[in-house]
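Colleague: Quick one: this structure, given as structure tokens, is what I'll be asking you about.
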Amino acid sequence: MRLPREIGPIHFVGIGGIGMSGIAEVLCNLGYTVQGSDASEGANVSRLRDKGIAIHVGHQAENVAGADVVVVSTAIKRDNPELLAARAQRIPVVRRAEMLAELMRLKSCVAIAGTHGKTTTTSMVAALLDAGEFDPTVINGGIINAYGTNARLGAGEWMVVEADESDGTFLKLPADVAIVTNVDPEHLDHFKTFDAVQEAFRDFVENVPFYGFAVMCIDHPVVQALVGKIEDRRIITYGENPQADVRLLDLTPNGGSSAFRVAFRDRKAGTAHEIADLVLPMPGRHNALNATAAIAVAHELGLSDDTIRKALAGFGGVRRRFTKTGEWNGVTIIDDYGHHPVEIAAVLKAARESTKGKVIAVVQPHRFTRLQSLFEEFCTCFNDADVVVVAEVYPAGEAPIEGVDRDHFVLGLRAHGHREVIPLQESAALASVVYGAAHSGDYVVCLGAGNITQWAYALPGELKALD
């Protein structure tokens, strides 16, 4: 049985969240009656309202009146008045992943998981399948520049979704094709141990049906170890590793883009194939690896080499993934969502490869618990930055932790050999700090999952005002 067409209204608590908004948009486009609430106004709320979805600002019990089902994310606390009202009225309450799973049952599905790179890889798979005239339905964790949204309803038989592992609910997703980009210690507030994280990813891959396949990056040692543990499922490995089934070769940075080729090896059939002259209009080895995963899926689903080559060259990127927000006197300002040490290191390496000037990193640490649990890693991931500007921790609803703050982070960076680390007293002071540090040819990279994106977009204008 599939989601009945007559069900509704479907009420989303926290509808403006990036994960929730995409599901709500696709359900609305399918013809379901969708409504919701969010704590504040925002771009996603405005976009959904423009589609005719009724959205309340603020959470109140009466908002769920008349709903057939209430959808919540893990960000919604148990004492939320709408959640309490739904349960008091015996309205079914489902998690975000459960509703996503209902949509996935309508199509064949590619699900992209991993600690880092999910959103970009999801966008790349979508772009390639779009170019191959698959007309896929897409639900992503970031705004795809080509669509201007994080979701679209396609008429084709395939769906491409980002699988969020943060609360373990990605195990509910019925994927036919699974991608695993990497597995690092993250979301330990839910999983408790890194062993549990790895076991969840193993289960995610083993949930793929026997007629499907998984695409896994063996450049990552944890993923390589997982490949050896998975039984009775078809695995396609990728990476620069010589043992990979789909191998990234001759990666050459070229300013803001990357050139490379990809070689395919079918061990069972004893055949080999190569796609040469690939160009991705994004810098960084991590993005080339993400593209290799997408190419592996596209090739397996029958796309031609030329289609893959053209689609990749025209890839428009994802908002908040190495996004240029402007320039000032030859200085390039970049906005990036990177908030984990592995992501930060990859983004700064891409910036280093893109310029002969200095790389100035502006970081807004996201969550006290993340900074605490990965403090050593945070203190060693800025090696490609000439200057590190450190803002106050963005709490994301967390209470402060003694000894885990901006100033201790600054001391930690200096203790690990960084010679120029600047504590940012307030966001309004960022322009003057950059004005004094940056020169033509430099890159200023704003990093974090909080409101630092607003600073990144305001910075070019603020710098011009100081001239």
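Any Cβ shown, glycine's included, is placed from N, Cα and C.
Annotated ATP binding site per Swiss-Prot: Gly114, Thr115, His116, Gly117, Lys118, Thr119, Thr120, in sequence order, evidence recorded as sequence analysis.
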Colleague: Give the sequence-ordered set of same-chain residues, not counting Gly114, Thr115, His116, Gly117, Lys118, Thr119, Thr120, with Cβ within 8 Å of the centre of the Cβ atoms defining the ATP site.
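Modeller: My list of surrounding residues reads Ile112, Thr121, Thr181, Asn182, Asn290.
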Colleague: If you count Cβ atoms within 10 Å of each one, which of the binding-site residues His116, Lys118 comes out on top?
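Modeller: That would be Lys118, with the most Cβ atoms nearby.
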Colleague: Including all protein chains shown, what's the count of other C-beta atoms within 10 A of the C-beta of Gly117 (ATP binding site)?
Modeller: 25
Colleague: To see if you understand the setup: which same-chain residues, six or more apart in sequence, place their Cβ under 8 Å from that of Gly114 (ATP binding site)?
Modeller: Thr121, Glu165, Ile179, Val180, Thr181, Asn182, Val183, Cys217
Colleague: Taking every protein chain in this structure into account, which of the binding-site residues Thr115, Thr119, Thr120 has the most other Cβ atoms within 10 Å of its Cβ?
Modeller: Thr120
